Amino acid sequence: MGDWSALGKLLDKVQAYSTAGGKVWLSVLFIFRILLLGTAVESAWGDEQSAFRCNTQQPGCENVCYDKSFPISHVRFWVLQIIFVSVPTLLYLAHVFYVMRKEEKLNKKEEELKVAQTDGVNVEMHLKQIEIKKFKYGIEEHGKVKMRGGLLRTYIISILFKSVFEVAFLLIQWYIYGFSLSAVYTCKRDPCPHQVDCFLSRPTEKTIFIIFMLVVSLVSLALNIIELFYAFFKGVKDRVKGKSDPYHATTGPLSPSKDCGSPKYAYFNGCSSPTAPLSPMSPPGYKLVTGDRNNSSCRNYNKQASEQNWANYSAEQNRMGQAGSTISNSHAQPFDFPDDNQNSKKLDAGHELQPLAIVDQRPSSRASSRASSRPRPDDLEI
């Protein structure tokens, strides 16, 4: 009957992701259907057409009578039945492989976040999100998938289709053959000259195999029904249990921590980068917005960063000891820091930009040097 090893290997992988009833169903499918069909049943029906004889010498009469008595061979009919009832299980296996692929991606992302955590980045929120996704997909351990959520629904749908196919093939078999074979078949069909009798080889043996395959189909159908009820109640139990699940009941809405003290955490969670360049002079009407305007933690962090930048800039210019025209205070624009009570805040008085000198860095000409009365460090004292 061909090589069943490919189908057997695929169905064998389903064992690890099935319930107890599903494992029993697969055992029945392997032992009492595939194995028996490939050995005893095939040999019993090996001469079904060659040993079919009719009491006439009319050419072609035996062929048309055999076609009328057996529109499709029992063996080929059972092969189709096995394929159809196995397809829903293979679709469920495809969903399992999809979940396992998701597990690999989540594990890879989790490793990257843990590496970032060792560098001082607070990624607890993102790690918690990955844990919730694993729980949603039914991933408990590496390589182990628990049946819940979408995977459970796929499993229930596969059981429903298997049950429908079992019932459909039983009805088709009953309509075409019945569940027993007669030793003599009467045929009246062209080109037979008259009504002829045709004889079937080993009708009793074939009837026994037909009844046996009927019982196996009924057992498989009963297992599907039991497994369907089990999966249904399991889904209801998981739904009730999910309301008190620690991932949903205790965590609450996920939100980033309000401590933006760490520069890396501030950058990782959407606050302004601690190394973001700030313009020393903002044109009138320009407002520098940093971070999330609705996030109080980022607001505090941005305020401290901007004040420090202005202070550093003032100190650097003062150290240069330059004199000259000063920068108009009108060019120093306040930064906006949204608050609950007011729209904007100016920098504190201690952090206002002091008037600074701007000096032309080009060397002075001789005329300017003579005209200048300002003492220089290299002048001789008299």
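Just so it is clear, glycine is given a Cβ too, placed from its N, Cα and C backbone atoms.
Per Swiss-Prot, the feature compositional bias 'Polar residues' maps to 317-332.
Positions annotated as compositional bias 'Low complexity' by Swiss-Prot: 362-374.
Here Swiss-Prot flags Ser5 (among others) as phosphoserine, drawing on similarity to another entry.
The annotation phosphotyrosine is assigned in Swiss-Prot to Tyr247.
Annotation comment: Swiss-Prot describes Ser257 (among others) as phosphoserine.
What Swiss-Prot lists as phosphothreonine is Thr275 (among others), and the listing cites similarity to another entry.
Residues or ranges marked as phosphoserine by Swiss-Prot: Ser306 (among others).
Ser314 (phosphoserine) falls within a helical segment according to DSSP. Residues or ranges marked as phosphoserine by Swiss-Prot: Ser314 (among others).
Look at Swiss-Prot and you will find Ser325 (among others) tagged as phosphoserine, backed by similarity to another entry.
Residues or ranges marked as phosphothreonine by Swiss-Prot: Thr326 (among others).
According to Swiss-Prot, the phosphoserine annotation covers Ser330 (among others), on the basis of similarity to another entry.
What Swiss-Prot lists as phosphoserine is Ser344 (among others).
Look at Swiss-Prot and you will find Ser369 (among others) tagged as phosphoserine, backed by similarity to another entry.
Taken from Swiss-Prot, the feature phosphoserine covers Ser373 (among others), and the record attributes it to similarity to another entry.
Sequence annotations record features per position, and here Swiss-Prot assigns region 'Interaction with UBQLN4' to 264-382.
Per Swiss-Prot, the feature topological domain 'Extracellular' maps to 45-76 (among others); the stated evidence is similarity to another entry. Within the chain carrying the topological domain 'Extracellular' (45-76), a Cβ under 8 angstroms from the stretch's Cβ atoms is held by residues 1, 37, 176-177, 185, 187, 189-193, 196-202, 206, 209-210, all 6 or more beyond its ends.
In this view, Ser314 (phosphoserine) is surrounded by 17 other Cβ atoms within 10 Å of its Cβ, with every protein chain counted. Below 8 angstroms of C-beta separation, residues 44-45, 47-48, 51-56, 58-62, 64-66, 68-70, 74, 214 of the same chain, each at least six residues beyond the ends of the topological domain 'Extracellular' (177-207), sit close to that stretch.
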